[in-house]
Structures are given as structure tokens and as C-alpha cells.
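Feature annotations, reproduced from TrEMBL:
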- 30-47: transmembrane segment (TRANSMEM)
- 91-114: transmembrane segment (TRANSMEM)
- 184-202: transmembrane segment (TRANSMEM)
- 222-246: transmembrane segment (TRANSMEM)
- 314-333: transmembrane segment (TRANSMEM)
- 370-396: transmembrane segment (TRANSMEM)
- 519-539: region 'Disordered' (REGION)
- 528-537: compositional bias 'Polar residues' (COMPBIAS)
- 657-718: domain 'CBS' (DOMAIN)
Amino acid sequence: QPVAAGSGIPEIKCYLNGVKVPGIVRLRTLLCKVFGVLFSVAGGLFVGKEGPMIHSGAVVGAGLPQFQSISLRKIQFNFPYFRSDRDKRDFVSAGAAAGVAAAFGAPIGGTLFSLEEGSSFWNQGLTWKVLFCSMSATFTLNFFRSGIQFGSWGSFQLPGLLNFGEFKCSDSDKKCHLWTAMDLGFFVVMGVIGGLLGATFNCLNKRLAKYRMRNVHPKPKLVRVLESLLVSLVTTVVVFMASMVLGECRQMSSSSQIGNDSFQLQVTSEDVNSSIKTFFCPNETYNDMATLFFNPQESAILQLFHQDGTFSPVTLALFFALYFLLACWTYGISVPSGLFVPALLCGAAFGRLVANVLKSYIGLGHVYSGTFALIGAAAFLGGVVRMTISLTVILIESTNEITYGLPIMITLMVAKWTGDFFNKGIYDIHVGLRGVPLLEWETEVEMDKLRASDIMEPNLTYVYPHTRIQSLVSILRTTVHHAFPVVTENRGNEKEFMKGNQLISNNIKFKKSSILTRAGEQRRRSQSMKSYPSSELRNVCDEHVPEEPAEKEDLLQQMLERRYTPYPNLYPDQSPSEDWTMEERFRPLTLHGLILRSQLVTLLVRGVCYSESQSSASQPRLSYAEMAEDYPRYPDIHDLDLTLLNPRMIVDVTPYMNPSPFTVSPNTHVSQVFNLFRTMGLRHLPVVNAVGEIVGIITRHNLTYEFLHARLRQHYQTI
């Protein structure tokens, strides 16, 4: 399951943005993710488990409400609820939030993460549901971890997998302050440096990812395995050699075991002492480099946050450089790997380095090393992932210290602004490398120079209200569109076309009925206003379509033989690209609705059609439950057995189409189109002129950054 590689956050972000990545929420992906991250973290790779936990939570959220899995086909439950993309997307949002809450013990941060980083479409009712899900995840994890580790079930002492400990001054030290107003200036500078380091990290990782896409991924799968083994080998050698050659043997003291007088860490002295590594050093001394490298990443972060005077500036600088390069190389190999904890550890080393320099070389005695380590971690992580609100709340909840709110937010904002000046966040970079049409939160201001008519697709593939099976099969097999406009043509001699052909007659009658409905509404509105409808509407209302018997002669076939087709899509043997004139290609089409590909295939599979000698009322009707029975894996048109279908039969699609889709005018600003797409969760947006004729259609592809800039360049050239 190759999609299980990496953190999974870019893929979940794409899914919540409205793009389905194949296999991203399958049960096999979950199993590979869970066992893969277990061994990659335990094996000593510079990866974290928080990103994969978010992905795992999203998979659980997607699969659990469905009560079925493609990997477990024999297990079937008749559960008809939550059978739509919108419901499934909501559950994925809740699952991703639960993953963050379990990883950091931050339920509010998980909710904000799902809102800020993931979901494109958010409603108010979803907020408390996601928050309740995050709270439940934190409660469950806390219950089991506390019971297993301490044996006291129900004590709730360990809220998350990653706990930063408590930052607290001792009561005896009156001069101790977690941070002062003067420190904010240093925090801003650290935010700038963190943004630069994050931009450098993202740039290097992007180049590595491009190299892997060109030289590793096209080759046999064994090459990916060998690359992962090479990274493991190099990481092991670097960690061992750096600890043995570059590490310093420092004297053990009481401050190195239980923290200095300014700190009260909520762990015993034995636990702290056990995390200090001697590693070829004499008795009563320890190796500071090995203490960072040979501990679990969470323990190393706690060492940097709460131990004072145990790491020399040279050791911190070398550790930061080595960890930076190895973490950048590791993120992107074919193993489940997160980025949160490596970025936090790397940034914490940077923060402790700054604190040591301020204390030793500048003489600022009031500097609280743990605070600077936390701010450094926030600066580097913010410079890499470019998150602000959710990351601030996650760090505040992880530290249990609300006073850190202001410095963390300032640092993250400065780091994000600095990094955005050079490139995007790491997740957006990997989304772009995959070529996913991700929609941003808003468009640029200059895009308002474009209109809907500038970006729409004018070459339409459409169906009629009543269409032959052979035409539907041809359209579905020769296109990959997800939805098709349901249209009728506007012609002056429609009565002649109606003669002798039931198919064309049914289509024209449907158009007339829709016009009569609109005209009737206009007449009632006019009568209520003590006025009269216009003469044109009065003529339409008074016109009745006569029921004329079908003739034996097939008038449509004769027109086809004369190379003149009033309804070219009814017969697939004419290619639009070859035989249609410009007038036929862009003929006036009245829009009546949209119908999905999955709906058309379901109608064909279930044989919903009628013969030309029958009325459309004789066509079988399907309920909504029957139409959605195969969700989310509808049958494919290429698997359809054509021998079971009569190509001359007719399908009436009007009972199953969406008769009132969202539409825009050709003169609508691109920003309005973009906001409508994002807020309503659309996939297709017909462009309709003032008289109800469809002139084009806008899809997600037409709103991507690259497409809009290409059209803007064309717009400037025409000017």
C-alpha cells in the first residue's frame, strides 16, 4: 500500500479539500500505517508518529460509519445512513481531529487543526461534534495509558502521547520568570530565523522529493526498500559516530539529574537519571551528545525543555545541523513517517542554543532556558508546516501553561510570514508535487480581472432528458467527466422534428413543460401585482403541445443519413471533433439540471429504460436508497455487459438529475466563483446566460493556481 508512506497529512488535506486520492482511507492503508510507523519510530529513524496518527484517525472516521470495507467484503451490514460524500468528509474531519487530540493531548487544538489545515467546507453544527470526538479520543488514551503505566485505572495522569511537562518556577526563587516583556524581542528574532530555517528545510526536501519522483519511484519497488535501508544505515552510523567523536563528557551534578532550582519537573529523579547516557565516558560523567541522540525523541525534548546546564553550545549546534539534514532526508522515503516531533526536537535544540548564548556570552542571567527551547521548537515547526492558530493551541495544551499563548503566537506568525516569503509549507509542497488541484482559501486580488467566461470550459459533453442507451454508453466510455449537463436544444422548427420520432418529441415536450412552469409562475406573480404577463409569456402559456401519434418512418434516421442531426449526441457515430460545424458545436442549449456519472451507470446497470413504442411513464423507478446502494464504489462503465442492453432503448434521466444546481453568470467575478465553490463544496458549476442557456462549465481544475495564472496571462496579452 504505497499511499501509506509519509505522514498522510497532505493526502488527508486533499481529501478534505474535495479531492479523492485513491486508497487513502482504506483498511489496508490503516494497517500498513500503524505497523509501519511502529517499526520506523522504534528503529531509530528521525520520524514522528503524530502525522500517521492523524491519518489513522481519518481512516477510522471514513470507514467506521460505513460498516463495510473493500478488504472485508464478506462482512456486510445493512446500514443505510451516512451514504454521501459530505457525510463521509465530516467523519474524516472528526477522525483527523481525534488523531491530533490523541497525539498531543490537545482536543481543542485537534478541532482547530481540522478546521485550519484540512477542511474546505465547514458548518457550525460540525464544530461541537468534532470537539466531542477529540475529547473522547483524549479521554480514551488517557484512561488506558494511565492504567497500563501506573496500574491505577481511572486516574487520568497521561493526557497525550507527547507531553512537554510542566514549566514552573519554584516558590523559593522569586527572581524566576517564565518570560519577560524584553524576551519578546528575542522571540521575534527567533521567529524570523525559524522561518528561514523552515524555508531551507522545505526547499531541500522539495528537491529530494523531485529526485525521488524521477529516479526512485519509476524503478522496481525493491529500490524504495533499499533507499529506506540506506537511510537507516546512515542514520545509525551518524548517531553512533557523532556521539563517540563529537560528544563531550560532562560532570554529573544534581542539577543535571532533577533540573535546576528554577524548575520542578513532574518526573522522579530516577527517570531523569535514566535518560542521561554515559556512552564511553568515565564514571560520574555523561555524554551530552548521546543523551540527545540515544533517547526517544520525546525524552530528548524533555531534556531540552527542563534540564539546565547539561549541553554545551557546540554540542547543540552540531546536533541541530546533523538532525536537520537527516530529518530532511528521511521525510519522503517509503515508510510511514511524521514530521511534528523531529521538527520540535530540532527547534528545541536551536532554542537551547540561543538561551546558552544569551546566558554565557551576553550575560542575561534572567533567561529561562526551557522557555527559549519551547519558542525555538515553535519557530522551527511553524517555519516548516506554516500553521498558526491550531499549532498555538496544541503547544499551549501540551505545556499546560496559558501564559505562553502570546509569545508562541507571535513566534508562529513571524515564522510563517518569513517562510511564506520564500516558499510554501511542507504539506502544500508535497500536495503540489502530486499535481492535486487543491483550492486555497481565497484567490489573489488581481484575479478579479477575470470573469467566469474567461475560465469556463465551453466545449460541453451533455445528455438530453431522454437519451438512447447507445449514446449514454458512448459518452460514458469516451469521457472521464464526473457529471453532465442535462439540456435541450433551442430551434425554431421544433414541431417538424417532433413528427414521427418519439425520442425527440419527449425531449421537446420536457422543455415545453419547464417553460410552461416558469410562465405560469410569472403569470401568477403578475396577477398578484394587478398587471398582465408579457405577450411572449402569454403566447407560451396559451400554446399547447399536441399529442401526435408516432409514425412508422424513423425521421431521425433519415436526418442522420442526410448528415443533418438536430440531436447529435443521440447517435455516437458522429465525432464532434470531426464533423460538427462551429454552429453545431456551440448551438443554444437550455440547461435543465446536472446528472452524475455514477447515477447514469447505476441506471444502465439496473436496466432503467423504456422502448420507443412506450411512454416514459413505463420506465421503472429507483428509490434513493437503491441509487446509493453501491456507494462509495459504484460500478464502472467499462465493466458493463453490453449484451444485456438494447442500444435502441431510451433512458429518462429527469427523475434522477439535480434540477436546480448552482449556476453563475458569464460576467461573474472569479473571486465570487471561487467563494461559491469553496463554501458550498461544489464540483461542477454551470455558466448560464440571461435566457437560461448553458454556455460553459467550471470545475475544480479551472480554479487551480496554475490555470488561473495562465488565463490571466492570456487576458493581459489580449489587452
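Glycine residues also receive a Cβ, built from the backbone N, Cα and C atoms like all the rest.
TrEMBL annotations: computationally assigned, not manually curated.
Here the domain 'CBS' (657-718) returns a mean pLDDT of 88 for the predicted model. Contact count against the transmembrane segment (370-396) (Cβ pairs under 8 Å) is highest for 184-202, out of 91-114, 184-202, 222-246, 314-333. Long-range contacts of the transmembrane segment (184-202) within the same chain, counting only residues at least 6 positions beyond its ends with a Cβ under 8 Å from a Cβ of the stretch, are 324, 327-328, 347, 350-351, 354, 358, 372, 375-376, 378-386, 406-407, 410-419, 421-426, 429. Sequence-distant contacts of the transmembrane segment (91-114) (same chain, six or more residues past either end, CB-CB distance under 8 Å): 12, 15-16, 25, 49-50, 53-62, 64-65, 82, 122, 126-127, 129-131, 133-138, 140-142, 158-163, 340, 387, 389-391, 393-394, 396-398.
Break the domain 'CBS' (657-718) down by DSSP state and the numbers are 29 helix, 15 strand, 18 coil.
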